[in-house]
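One structure is given here, and the rest of the page talks about it.
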Amino acid sequence: MSAVSIRTDPGSTPVLVGAAAICSFVGLDTTMKFLVGGLPLEQAVFLRYAFAIPIVLMLFLRRPQRLTVASLRSNGLRGVLVVMIAMSFFYSISVLPLAEAMAIQFLAPFFIALFGRLILKEPLGGRVIIGLCIGFAGILVILWGQIGGKHGDSALYGALAALFAAACYGLSNVLVRRQSASDSVETIVLSQTIVASTLLAIPGTSAWQPLTTQDLFLFGAVCVFGTLGQFGITWALTRAPASRLAVLEYTAFLWASLFGWLVFGEHPTTPTLAGAAIIVGACLFALRPAPTRQAAE
């Protein structure tokens with residue numbers, strides 16, 4: 001089978017766009033944590049994608065693309081993964097503090113790097129591997145200080161749900177990069193949004209609760225956060241190796257800690273802050289370009 005041609009931008013723009021997209025996703029998670037406290041999980045997740053369809057469709061129509069059978073199949077698979085990610089992760093943040101759920105989700109870079117190697121045959125640079133290991137050590141520090149049964153029996157299920165979401169998220173990101181060889185960013189995002197909305201339509205409306213004006217406003221914010229985040233991360237993944245962007249996932253913890261404190265009064269513990277410092281160091285180390293042979297000479 002011939003190799004797939006995928007664009008790669010060696011500059012910093014994909015990294016910056018990816019980091020901004022992750023911040024936007026944490027804003028979405030914060031808003032959804034508030035919403036699932038008063039609405040059924042299925043309804044909240046369904047509306048998260050249904051509200052996004054008009055905006056995503058409008059952006060797609062600016063650059064329409066003919067969809068092939070192969071494209072529909074691949075994007076359909078990603079739509080299923082998106083549903084699995086959303087349901088499992090939003091459940092986890094409904095039973096765990098935002099920063100703790102996000103800390104477990106930080107296992108995603110390992111899955112991204114692994115699936116990137118297995119599916120795309122992307123090389124794993126030494127700095128990336130070391131950075132991932134350092135970042136994982138930071139996660140262990142956080143989990144050691146925060147996960148100890150203090151959140152009740154549901155904490156275990158929430159942790160397992162976050163872990164499952166991390167694995168699906170890693171696979172989804174790698175599939176985005178592979179699909180970018182044939183589909184535009186708009187096509188990828190529209191396809192997954194429609195598939196997710198369709199799959200969630202029945203469970204999302206079976207236990208419907210009336211929406212308040214505040215709910216409508218918050219779902220509008222979710223739509224904006226989700227659209228910006230999805231287009232941003234998809235754009236970045238079409239221009240940079242998945243393994244290079246993987247370490248950026250760790251920066252979400254900083255935003256989760258800040259938003260959790262501002263919105264829910266969740267105060268980061270000392271192990272949380274220590275782990276965050278380790279994670280930031282891992283990001284800086286992995287993203288720093290390795291010295292070239294010519295520079296050394």
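Cβ atoms are placed via backbone N, Cα and C, with glycine included.
As annotated by TrEMBL, transmembrane segment applies to 12-34, 46-64, 76-96, 102-120, 127-149, 155-176, 188-210, 216-238, 245-264, 270-287. The domain 'EamA' annotation in TrEMBL covers 16-143, 157-287.
Broken down by DSSP into helix, strand and coil, the domain 'EamA' (16-143) contains 106 helix, 0 strand, 22 coil. If you take every residue in the domain 'EamA' (16-143) and average the pLDDT, you get 85.
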